Amino acid sequence: YKLSVAPEMDIMEYCRKEWRGSTPAAKRMRKGYEAVAQKFASIRRVRGDNYCALRATLFQALSQATQLPSWLQSEDFAMLPENLLRKYDWIKQWQLKQKLGRKMGEISDEIKEYVILLRKKWKNISEIKDPIEKQEACDKLFKNEEEEYSLYEALKFLMLNTAIKLYNDDKNGRRVPVFSWLLFARDTSSDPCQLMHNHLNHIGHSGGLEQVEMFLLAYALQYTIQVYRLYKYSTDEFITLYPNDPEEDWPVVTLITEDDRHYNIPVRMCQETIL
């Protein structure tokens, strides 16, 4: 299997290799990378298919996981697919990744398998104390395509679950974050059913995550996703947080993007940053 997340490389060396020219864009990218290099020493390239936002976020979350998030600990977590399907018949049209050589089971069983796998992997990796061992366990997981893609299905399903909650909260007059209005203000996702058909079903196949879906992913995981958006260097959007008013107790993962489509991950925080 090829590793979905490449070995680390010096961040400025990577930048010099990728952005040699003297165009304004190349200069801006180099400045952006220099700014990231103040905080992080290395970069790991993430495989560039339509899963890369999910892959980069999950890899970073697992690499630094020291405990199981509370939402993964809940008793009824594994029952989520069953419970949602009982309420919303349209979820039967969830687009499952096709597994080779095996017939599709009941959709709720398939997804249940994925969410249980997510909990198991998160638990195992978070219990590893030694940082080198933890990194090796992450690398191993992201070399196993069967498991890796199953985890993305689980993440997409959690995003759907979060979208349904937000949609219902809004309908019932509860306060919802601003991105939730934006999510459902699109012609293509005016409700969770449309969101599933026109967006979530396509993630990984024919499209990646749009900006507003980065917010949804952050809410689903209860993580703050901090992104260095290099092409926005020297604007106030250079470092963007999803969500932009994060909960204080949410852990933070950091990603790098040159274009809001493909994401890589910075690693090895520089010493003075940690202090």
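Using N, Cα and C of the backbone, Cβ positions are placed for all residues, glycine too.
Annotation for Asp49 (active site): same-chain Cβ neighbours under 8 Å, separated by at least 6 residues, are Gly204. For Asp49 (among others), the entry in TrEMBL reads active site.
Per TrEMBL, active site, nucleophile is recorded for Cys52. A simple way to gauge crowding: the CB of Cys52 (active site, nucleophile) has 23 other CB atoms within 10 angstroms, across all the protein chains here.
For Glu237 (site 'Linear diubiquitin binding'), other Cβ atoms within 10 Å of its Cβ number 10. Look at TrEMBL and you will find Glu237 tagged as site 'Linear diubiquitin binding'.
In sequence order, Val46, Gly48, Cys52, Gly208 make up the list of same-chain residues 6 or more apart from His262 (active site) whose Cβ falls under 8 Å from its Cβ. Residues annotated as active site in TrEMBL: His262 (among others).
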